[in-house]
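J.: The coiled coil annotation in TrEMBL covers 30-57. If you look up TrEMBL, you'll see 184-349 marked as domain 'Aminoacyl-transfer RNA synthetases class-II family profile'. The ATP binding site annotation in TrEMBL covers R257, R258, E259, V273, H274, Q275, F276, E344, T345, H346, S347. Look at TrEMBL and you will find R257, E280 tagged as L-serine binding site.
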Amino acid sequence: MINLELLRTSPEKIKEGLKKRNMKLDIEPILELDKKHRELLTQVEQLRHEQNQLSKEIGHVTGEEWTAMIKQMKALKTRLKELGPELGLLEEALRNALQSIPNLPAADAPVGRDESENAVAREVGKKPAFDFKPKDYLTLANGLIDTERSAKVAGSRFAYVFGDLARMEFALVNLAFDTLIPHGFIPVNPPVMIKPKVYEGMGRLAGDQKEERYYLSKDDLYLVGSAEHTIGPIHMDEIFDAADLPRRYVGFSTCFRREAGSYGKDTKGILRVHQFDKVEMFVFSLPENSEEEHRFLLSRQEELMQLLKLPYRVVQICTGDMGFTDAKQYDIETWLPGQNQYRETHSWH
């Protein structure tokens, strides 16, 4: 959620950030809503103050003065009861309105309209040359990936993964953990469900993101779309000592996404599925060290790619294509010979 004080004191900065994101959102109604909320909150707090004062004084009076105070206290109680629901509605409306404002882009994030204006920072590794047409991964898997049987069981965009390919996944997870732990990362296997209020706090239900989430109405819980969604709130309501930062986690979890906006895209294979496993790096740091930690995460991802000896490129995502909660975003795209193109395999922000 955007900082409310920033919205109040620097609305032009918010407008400029929205413009860079190519996002049309009028913040004036939000400012007006905030004004109404503050005015009503001030009124309610004043009435509560008067109520508390009378409660302290009423034990020291008698007779007509006591009767008058009782009458006054009843009137205050009635008025507070009337204003309570109105204040609650304003608070909810303001919270929802604030959640419609995305994170502001970093000053060095490339400004652009959409993914066509993302900037390739560098390419690493030599693309392999073949004297034959490379087969795609689904053909090479030779029965180790089965989307037909999974479709019968769970519907489209799921897969059974068998044999050595299943073992390879866990080998890759272990490689990531073994590589990252010496760099100070704490391994964690986080919950894959999260409370709505906590998910809101992570900014992952804002904008059109809610359409991507699986919601279990009976339990009032969401399935996470990434391990970071439940790693982020690990220290909720806690205060770090500066000496304990940065605090780095590497998590592994199954992730769930509806792929609501992906109709017709990558329908074959397992590039875009509803359920997948992912290793996630997450860092808590001082604000002034966030840029350094961001670069550190990039270097760790590149270290893993170079260990695997896979050709890749680093792409800096432009403001119009960045995620809702991102100030700066990079993707790593890996070269897929069978598709003769780079495809996104990593992302960090």
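Glycine is treated like the rest: Cβ placed from N, Cα and C.
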J.: For the coiled coil (30-57), provide the mean pLDDT of the predicted model.
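T.: It averages 96.
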J.: Let me know the DSSP-derived helix, strand or coil state of E280 (L-serine binding site), please.
T.: strand
J.: Going by DSSP, give the three-state secondary structure for R257 (ATP binding site).
T.: coil
J.: Nearest of the binding-site residues to E280 (L-serine binding site) by CA-CA distance, picking from R257, E259, H274, T345, S347?
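T.: With Cα distances computed to E280 (L-serine binding site), the winner among R257, E259, H274, T345, S347 is S347.
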J.: Between the two most separated Cα atoms in R257, R258, E259, V273, H274, Q275, F276, E344, T345, H346, S347, the residues recorded as binding ATP, what distance in Å do you get?
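T.: Across R257, R258, E259, V273, H274, Q275, F276, E344, T345, H346, S347, the widest Cα separation comes out at 19 Å.
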J.: Report, as a single number, how many Cβ atoms besides its own are within 10 Å of the Cβ of E280 (L-serine binding site).
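T.: Taking all protein chains shown, E280 (L-serine binding site) has 21 Cβ neighbours within 10 Å.
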J.: Just to confirm: which same-chain residues, 6+ apart in sequence, have a Cβ under 8 Å from the Cβ of R257 (ATP binding site)?
T.: E212, R213, Y214, G225, H274
J.: Return the count of C-beta atoms lying within 10 angstroms of the C-beta of T345 (ATP binding site), excluding that atom itself.
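T.: The answer is 16 other Cβ atoms.
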